[in-house]
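Contents: one structure, followed by commentary.
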Amino acid sequence: MTTTIPVGGEGFAAYEVVVGRGLLKKAGARVAALKPTRAYIVSDETVAAIHGETVRGSLASAGLATGIVTVPAGEASKSFEQLEAVLDRLLAEGLDRKSLVVALGGGVVGDLAGLTAALFMRGVDFVQIPTTLLAQVDSSVGGKTAIDTPRGKNLIGAFHQPRLVLADIEALATLPIRQVRSGWAEVLKHGLICDAAFFDWLGGEGAAGAEGDPDALERAVIRSVEIKAQIVGEDEKEAGRRALLNLGHTFGHALEAELGFGDALTHGEAVALGCAMAFRFSARQGLCSAADAEKSEAGIKAAGLPTRLADVDQIFSAEALIGRMAGDKKAEGGRLTLILARAIGDVFTDKDVDAEVVRAFLIEEGAAA
Ligand SMILES: NC(=O)c1ccc[n+]([C@@H]2O[C@H](COP(=O)([O-])OP(=O)(O)OC[C@H]3O[C@@H](n4cnc5c(N)ncnc54)[C@H](O)[C@@H]3O)[C@@H](O)[C@H]2O)c1
Ligand SMILES: O=C(O)C(=O)C[C@@H](O)[C@H](O)[C@H](O)COP(=O)(O)O
Ligand SMILES: [Zn+2]
């Protein structure tokens, strides 16, 4: 059985997110229905070794001319260097404007392949086949594509919507537990943003999802995609409400950048810690109750995710973090923007956060003065 969630809104063509089992081996027919001249796979070395042949074989069986280019696994591949290498490979292979890029992998591959598709011959179609929980619940949906630079996270990118997303729950069976939990962080984030009952389910009946239980994962993927589809449909280019999906990211991206995008924190772990910080900051400002800040932290911690700076083996400088936050894409005119909370399930954007208040908070949290 599959569940299909439509994503559509003003200014972009609607597409379907299909959630189910066994979708990798049936991908060919669904991609062929889009009638591309070629369907070229972009993946990372780890995913290609596990799932590359299943998808390549399925595309070929559906009569599609195909091939695969891989990048090293990990955040470091969201770089100008890998973007250039992948684009060059597509040119060398003779792809044309009606060729299609298939992003097979986690959020790193999705963001890189999506940006490749946005740039190649000024834009070709692409299909997302997300193989991490994080990519299924978040990055494959909504059309944000990007690479990082040493100056910050996702600073170079484009909005480019996929034509189709195939989220195969069976693909998650090979995912290391740390990566399952990282994806769970973005799932928890969706509950914290706008669905308190979902957040409760994630910490109760659905908690087995954080340990890899496929039934709980499937429900978590479906509800997350519904939430994200609704928000993206209202505000594709983040003129307003879409910024709420950035809960935890102003802190989280600053931490990731300070750590040089290395292995110390995955993106999901940084978001988990950032969400806990956003709720504590909100409580400190009297915007939400201390009880909700504590409850959000407990829910995140119960899933084996970090909630405190002390959970990371690094001393952060408050000054450096504020510098990173001022360079975030949400910041306007140098003013800090944060997604803050009134309660679990009720968050809002504050576009004028006082940097001195943030500095005091970061020092309280354990950052160096
Ligand atoms: N575009 C968006 O809206 C959006 C949303 C959220 C996150 N992101 C981005 O996504 C990235 C993080 O994505 P991620 O957490 O998926 O990380 P990732 O893509 O690095 O994947 C994590 C690891 O899991 C491995 N892997 C992937 N699928 C596997 C499988 N089925 N079995 C075994 N191993 C597998 C990968 O090789 C990699 O080593 C970040 O760069 C983040 O900024 C983008
Ligand atoms: O889709 C969105 O919008 C999000 O903010 C989802 C985030 O989880 C994701 O990490 C996104 O890439 C962050 O976007 P950015 O604009 O802050 O780079
Ligand atoms: Zn994220």
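Any Cβ shown, glycine's included, is placed from N, Cα and C.
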Record-annotated NAD(+) site (TrEMBL): member among Lys98, Lys144 besides Gly107, Val108, Val109, Gly110, Asp111, Thr131, Thr132, Lys153:
Lys144
DSSP on the domain '3-dehydroquinate synthase C-terminal' (183-331): how many residues come out helix, how many strand, how many coil?
105 helix, 1 strand, 43 coil
Between the Cα atoms of Gly107 (NAD(+) binding site) and Glu186 (Zn(2+) binding site), what distance do you get, rounded to the nearest Å?
12
Could you break down the residues of the domain '3-dehydroquinate synthase N-terminal' (69-181) into DSSP helix, strand and coil, giving a count for each?
50 helix, 34 strand, 29 coil
To test your reading of the Zn(2+) site: which residues beyond Glu186, His249, His267, same chain only, put their Cβ within 8 Å of the Cβ centroid of those residues?
Leu134, Asp138, Ala185, Lys189, Gly248, Gly252, Gly268, Ala270, Val271, Gly274
Once the chains shown are all counted, how many other Cβ atoms turn up within 10 Å of the Cβ of Lys153 (NAD(+) binding site)?
24
Within its own chain, what residues at least 6 apart in sequence put their Cβ under 8 Å from the Cβ of Asp111 (NAD(+) binding site), listed in sequence order?
Lys78, Ser139, Lys144, Thr145, Ala146, Ile147, Asn154, Gly157
